[in-house]
Amino acid sequence: MAKELAEKAKEAFLDDDFDVAVDLYSKAIDLDPNCAAFFADRAQANIKIDNFTEAVVDANKAIELEPTLAKAYLRKGTACMKLEEYSTAKAALEKGASVAPNEPKFKKMIDECDLRIAEEEKDLVQPMPPSLPSSSTTPLATEADAPPVPIPAAPAKPMFRHEFYQKPEEAVVTIFAKKVPKENVTVEFGEQILSVVIDVAGEEAYHLQPRLFGKIIPEKCRFEVLSTKVEIRLAKAEIITWASLEYGKGQSVLPKPNVSSALSQRPVYPSSKPAKDWDKLEAEVKKQEKDEKLDGDAAMNKFFSDIYSSADEDMRRAMNKSFAESNGTVLSTNWKEVGTKKVESTPPDGMELKKWEY
């Protein structure tokens with residue numbers, strides 16, 4: 001039974017249904033928790049949906065169960081590189097190369113780790129001040145007379161690392177803050193604003209306050225403080241792919257969702273901190289949108305957004321289902337046509353559909 005589930009998971013992976021693959025591998029692991037290959041394969045599926053931390057955990061478990069499983073080291077190295085943990089990635093890849101010396105991927109990835117590590121070390125080197133030109137009329141100062149030259153400090157790294165991934169209907173932001181009390185975390189949602197403040201005793205408060213790539217529905221957004229992270233789920237106002245978490249000039253901005261005035265009232269939470277003028281922030285966002293001229297993909301995104309906002313329930317269901325199942329290549333408004341069957345991926349004219357290499 002476990003092998004059958006693993007085969008189905010592999011088929012889902014090849015069909016780019018990575019979330020389904022993770023779920024099926026998890027069920028296979030429940031039935032056979034000592035199979036290293038299941039953990040290594042689930043790690044690969046987790047990498048595809050940007051669950052890099054979970055992928056490292058799976059790879060470590062696979063290595064523990066079967067120390068000679070080369071693909072487990074490859075998965076760990078890949079996930080650690082995505083997390084920018086290049087030294088850890090290199091160590092895993094070197095171990096994998098010793099297990100499978102004929103696998104060229106290890107050498108290529110080790111070389112990339114060396115390059116990244118060298119870049120990090122270069123950033124830490126303090127630049128020397130330029131020498132002053134000599135002058136025949138101005139006497140040179142002695143070492144005792146010369147004022148000390150301040151050495152610029154390396155830029156401080158953020159207190160906590162964060163990452164972002166998305167689904168058609170929501171974007172998920174994960175802040176890797178361990179053992180932070182829930183009462184020390186403040187999260188607020190605006191129409192296109194996210195504000196996160198984490199107070200840590202004895203440290204400067206951590207702030208994450210991006211203007212988001214697209215608009216959200218604040219009433220449907222939520223967050224959870226866990227032992228190892230703060231997970232924030234942003235409900236997208238429209239079914240569309242965000243190019244990044246933060247808005248950038250020239251990127252598409254979605255129109256305000258069509259919700260009732262009752263739902264658009266934002267909840268107010270008691271706080272000792274100064275209140276934020278969300279209306280002012282949103283007015284600035286709207287002014288920037290008004291001044292922008294949309295073209296190309298941005299204009300197309302707005303066109304589809306307008307269709308969605310004015311569509312009836314069946315049309316919206318058809319758009320959501322066709323977009324999600326076709327990996328964004330098909331958008332149908334005919335529920336009778338797509339409601340009873342899976343919508344296959346259809347590449348644009350002149351392009352070829354390719355599967356992820358497993």
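Any Cβ shown, glycine's included, is placed from N, Cα and C.
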Q: Among 255-275, 276-296, indicate the range for which Swiss-Prot gives the feature region 'Disordered'.
A: 255-275
Q. Near the repeat 'TPR 3' (70-103), which residues from the same chain, at least 6 beyond its ends, have a CB less than 8 A from one of its CBs?
A. 36, 39-40, 43-44, 46-47, 50, 52-53, 55-56, 58-60, 62-63, 109-110, 112-114, 116-117, 120, 161
Q. Same chain, outside the repeat 'TPR 2' (37-69) by at least 6, Cβ under 8 Å from its Cβ: which residues?
A. 2, 6, 9-10, 13, 18-19, 21-22, 25-26, 28-29, 75-76, 78-80, 82-83, 92, 99, 163-165, 176, 356, 358
(Q) With helix taken as DSSP H, G or I, strand as E or B and everything else coil, how many residues of the repeat 'TPR 3' (70-103) land in each class? (A) 27 helix, 0 strand, 7 coil
